[in-house]
């Protein structure tokens, strides 16, 4: 009996080891989109020893992205290597050595382990991209979207690798924010999910998992909170200044909801709430805001345009 027990334990351990071995060790990463999010993801992936290719439509955009990454790395090294400038310089050098750029996504995915999409929040554009890359990427390659509001399942269905498709939602600014939401669709395999969790940890982040539900965890709670603040202001119950002060001092938030809306971009917030409203028109949490719609129509989008709920110099 003792032999049988030992044999069973060895067999179980062997099975566990086999299962772990089946997980994909992600070494080579291709990131589509050289904006703030894509460049930030590229930076943390390269800094953690991954081979990274950052892809965008033009060399001009990529030069700007690379310059931004270099500046960000310098800020990181000032804190991380305050007393060791030589080590800081070596860190920057090694990170940039791991990073290359390209304007041809199809030609660089042939040897990649993970494709992370960080382009415009437009489902049709994303689906077209994934459908194209699906033809060129190896069978083992995992696809992931950095979307904050669109359904991962719909994107996965544009490919033939639904089991190797998930969400990796990083937060801005990526080098500073520790959280990554790892999204598992009904078709995402456990192997894929675990590989994405492992990758998130490898780039120094703290992963949390969530099903493919609108807004995942953070935005599902955050966006309705911001919209309720707007409704509170619209009704004349409190000024936007007092609402911001109340949430900062009463709830300990670093920014009030109106400051945060202006930081995120009113157009982005409107796009998210409009999309959710179309999915669940009877959900009062997702009701559109006349004031938000008016500001977006007037191109008052927040900090990026100099005016939103507040004015900026």
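Backbone N, Cα and C atoms are what each Cβ position is placed from, and that goes for glycine too.
TrEMBL does not curate its annotations; it predicts them automatically.
For reference, TrEMBL has these:
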- 28-213: domain '3-hydroxyacyl-CoA dehydrogenase NAD binding' (DOMAIN)
- 33, 34, 35, 36, 37, 38, 56, 121, 126, 148, 172, 304: NAD(+) binding site (BINDING)
- 72, 79, 148: CoA binding site (BINDING)
- 169: site 'Important for catalytic activity' (SITE)
- 215-312: domain '3-hydroxyacyl-CoA dehydrogenase C-terminal' (DOMAIN)
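Close to residue 35 (NAD(+) binding site) in the fold, though at least 6 residues off in sequence, lie 65, 118, 119, each with a CB less than 8 Å from its CB. Residue environment of residue 33 (NAD(+) binding site) contains 24 other Cβ atoms, counted within 10 Å of its Cβ in all protein chains. Helix, strand and coil content of the domain '3-hydroxyacyl-CoA dehydrogenase C-terminal' (215-312), in residues and according to DSSP, is 64 helix, 3 strand, 31 coil.
Residue pair residue 72 (CoA binding site) / residue 169 (site 'Important for catalytic activity') shows a Cα separation of 20 Å. The C-beta environment of residue 126 (NAD(+) binding site), restricted to residues of the same chain at least 6 apart in sequence and closer than 8 Å, consists of 117, 119, 120, 145, 147, 150, 155, 158. Counting in whole angstrom, residue 79 (CoA binding site) lies 19 from residue 172 (NAD(+) binding site) by their C-alpha atoms. Listed in sequence order, 118, 146, 170, 172, 174 are the same-chain residues at least 6 apart in sequence whose CB falls under 8 Å from the CB of residue 37 (NAD(+) binding site). Farthest C-alpha pair in the NAD(+)-binding residues 33, 34, 35, 36, 37, 38, 56, 121, 126, 148, 172, 304: 24 Å apart.
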